[in-house]
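**Q** Sharing a structure, written as structure tokens. Questions coming.
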Amino acid sequence: MLFIRAFSIFSIATLSAATPSFVNQVSRQAPLLSNIDADIVPNSYIIVFKDTVKPNDASYTSHFEKINNYIAIRGSGDDSNKIDFVYEHVLNGYTGKFDPYLIEYIRSSPEVHQVVSINTIQTNAPWGLARLSSRTKLTTTNKSKYYYDPNGGTGATAYIIDTGINTAHVDFGGRAVWGANYATSTNTDGNGHGTHVAGTVGGATYGVAKKVKLVAVKVLNDAGSGSMSNVIKGVEYTVTAKLQEEQEATAAGRAPPRSVANMSLGGSLYQTLNTAVNNAVAAGITYVVAAGNENANACNSSPASATSAIAVGATDINDARAYFSNYGACVSVFGPGVSILSTWIGSTTATNTISGTSMASPHICGLAAYFQSLSSTPLTPAQVKSKIVSSATSGAVSNPGTGSPNLLGYNNPPPSKTSFQTDEVLLERIYANKDESYKYNTWEINKTIRPSLQAAYLLLQLAEA
């Protein structure tokens with residue numbers, strides 16, 4: 001029996017401690033350049049050498065030797081330090097990812113002219129992505145700019161429990177695969193809803209976490225409805241798949257994937273479904289679910305009322321709760337859900353603009369994958385939920401509804417440091433020190449950083465090398 005009303009997709013298609021030696025170095029550090037209007041990629045920098053330092057100089061070679069020695073001392077399992085690229089023609093320097101201790105040493109190196117923090121910006125982003133990376137309401141100047149870490153989603157798997165995914169769509173770049181199908185005989189998305197959701201979670205253009213692996217778990221037919229038993233089969237599959245991936249990763253000696261799941265579906269209150277979702281969360285999968293589109297209390301629907309899930313209400317581009325969005329104490333956070341552009345079916349480049357809490361949920365699911373992938377250690381679902389809630393912008397939503405938390409999802413760029421857009425014009429301005437919008441940040445080591453004895457020792461080794 002199909003629960004056509006009970007379990008359906010939630011979209012509205014009609015709406016479009018340092019040593020003295022180290023401290024002494026700090027006083028002569030190269031400046032850290034930043035832009036007050038942008039957000040940085042964590043621990044990612046461009047290092048610019050002084051004009052007097054040339055590639056065939058001993059100081060040039062020695063600089064890289066010391067950096068590589070530090071990385072080797074830290075060990076092969078530490079991925080927090082890496083030289084990504086050495087410029088040869090357009091800039092005298094290199095770029096890479098460096099932890100707070102190493103970047104302080106680099107800034108203290110006499111051959112370094114300046115250090116520039118990096119951010120990535122997507123200038124053609126759908127407004128929902130832009131809103132996730134802004135603390136303030138969108139304006140005409142930032143409504144299509146999404147600031148994000150390009151590594152977001154790496155090593156994470158997102159299960160899309162829905163109508164399937166158009167896996168051939170170019171925006172997925174081969175990262176979308178079929179996992180299970182409990183609704184139809186063919187592995188296709190004949191509806192579009194699941195493809196749209198997947199695009200928001202992890203599409204290259206339309207997605208929050210642009211490197212996440214997307215797995216289609218089809219539990220709804222091409223009309224967008226399905227039985228509760230099939231929905232629970234889909235939830236069961238995510239746990240089975242996660243356990244299998246963990247076993248394969250262990251056997252191969254690699255880190256297991258970090259798992260999240262999106263359920264942009266729901267219906268009446270079914271404790272059985274809530275139990276299944278809660279148990280999947282207990283197994284280590286972060287579940288993000290749509291709050292529902294009835295403009296009613298989300299606690300009266302499932303899986304929105306599952307206590308361990310992250311239930312998401314919808315907002316529009318003006319930060320108002322969408323007229324259709326459910327609300328109440330069971331809602332964890334709000335996300336963009338009105339007139340959302342994403343991937344679609346019909347071709348490998350198709351797009352569509354639709355609305356619903358179905359569209360809000362994948363914004364937050366993408367955020368869950370984003371936070372998981374950027375964490376130095378795996379996060380439990382409870383930790384992911386806590387991070388999403390604690391990072392969210394408070395007080396941004398107008399008319400959030402009775403009992404709702406006034407929280408709007410935010411991708412949480414690192415505090416206290418800002419950066420710039422890394423295009424050629426800005427690089428020229430930075431290199432020439434002619435752009436007054438960039439500020440020198442004086443590092444106060446006793447206030448800002450207290451390195452561990454191990455890190456201080458490693459830095460001292462480099463300084464005395």
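Using N, Cα and C of the backbone, Cβ positions are placed for all residues, glycine too.
As annotated by TrEMBL, signal peptide applies to 1-18. Annotated domain 'Inhibitor I9' per TrEMBL: 44-116, in sequence order. As annotated by TrEMBL, domain 'Peptidase S8/S53' applies to 157-400. As annotated by TrEMBL, active site, charge relay system applies to D162, H193, S358. The feature region 'Disordered' is assigned by TrEMBL to 393-416.
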**Q** For each of the active-site residues (D162, H193, S358), count the other CB atoms lying within 10 A of its CB, then report the residue with the highest count.
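**A** In terms of Cβ crowding, the pick is S358.
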**Q** Please list, for the domain 'Inhibitor I9' (44-116), how many residues fall into helix, strand and coil according to DSSP.
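**A** Taking each residue of the domain 'Inhibitor I9' (44-116) in turn, the totals are 26 helix, 21 strand, 26 coil.
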**Q** Write out how many residues of the region 'Disordered' (393-416) are helix, how many strand and how many coil, based on DSSP.
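**A** Counts, helix then strand then coil: 0 helix, 5 strand, 19 coil.
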**Q** Measuring Cα to Cα, how many angstrom lie between D162 (active site, charge relay system) and S358 (active site, charge relay system)?
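**A** S358 (active site, charge relay system) has its Cα 10 Å from the Cα of D162 (active site, charge relay system).
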**Q** How big is the gap, in Å, between the Cα of S358 (active site, charge relay system) and that of H193 (active site, charge relay system), rounded to a whole number?
**A** 8
**Q** Give, as a single whole number between 0 and 100, the mean pLDDT over the domain 'Inhibitor I9' (44-116).
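**A** Residues in the domain 'Inhibitor I9' (44-116) carry a mean pLDDT of 86 in this prediction.
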**Q** With DSSP assignments reduced to helix, strand and coil, which class does S358 (active site, charge relay system) get?
**A** helix
